[in-house]
């Protein structure tokens, strides 16, 4: 009597109530171990497929056991580089990205293998878009990196937008669609930098930068006495009174010092126009004056010179205030 032909795995799936749902321990200790030992007929219900040569939505059709939730495959882990340690996980339009840590699978107290979870992303790392396709990769302990593994493919039905099983074919508009979210984030982050760069590249921005650099350099470098400081010291120090007759040698008079609101004295360099005014003022002073009328004229000329210096200081304060306003506007745009 001839022996009955073996029942094909595809035939057994047609019976109602049949469901192929092995546990993690069964996948490693029975199916994967028997496959690596060469016992092909006892594990032929799980086909061997090069998973990374296909997209995840094409793999369910290659499964022997038909299902709507999970599918199982044997797959050899290929290396990304011939002499490297990374596994090849890229497909034509996407890649499988490992999430979380590699977990141990125990049978009792003995570790028999490892389990790793991967998620499929469309695009290229690191800007790929996550999909609803998940995969658990089971590997035995003590085998090489390119050894055979079992892959449990699943589709997360609760994932947003998972009603579309197959995304459209990749093209230039698809790549732009994948990067829309990243472009929106980068636009909000770098928008103010573009505005500041545009302002600083203009003529007014360059002038502002040069003024800030000059002010910082002048605050760091000490003032070197110059010819302009010499006339400022003349107004601050005591001046020989040349208008009065010499009674007991040269008589000195006190000239009011230029002081700021904080009663501190600063050496401010005077422009060339003030130098010319001081020189002309000193030339007009007579050596001796016997009349009180000419004395009053000389003193009035001195006060005119002092008033001119105060006007110069006021103009310098206007420049400082303008510079502070420009810095405040720049900080406002930066914030």
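Every residue, even glycine, has its Cβ placed from backbone N, Cα and C.
Annotated features in Swiss-Prot:
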- 14-156: domain 'NAC' (DOMAIN)
- 112-162: DNA-binding region (DNA_BIND)
- 315-335: transmembrane segment (TRANSMEM)
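The average pLDDT computed over the DNA-binding region (112-162) stands at 89. Broken down by DSSP into helix, strand and coil, the DNA-binding region (112-162) contains 0 helix, 31 strand, 20 coil.
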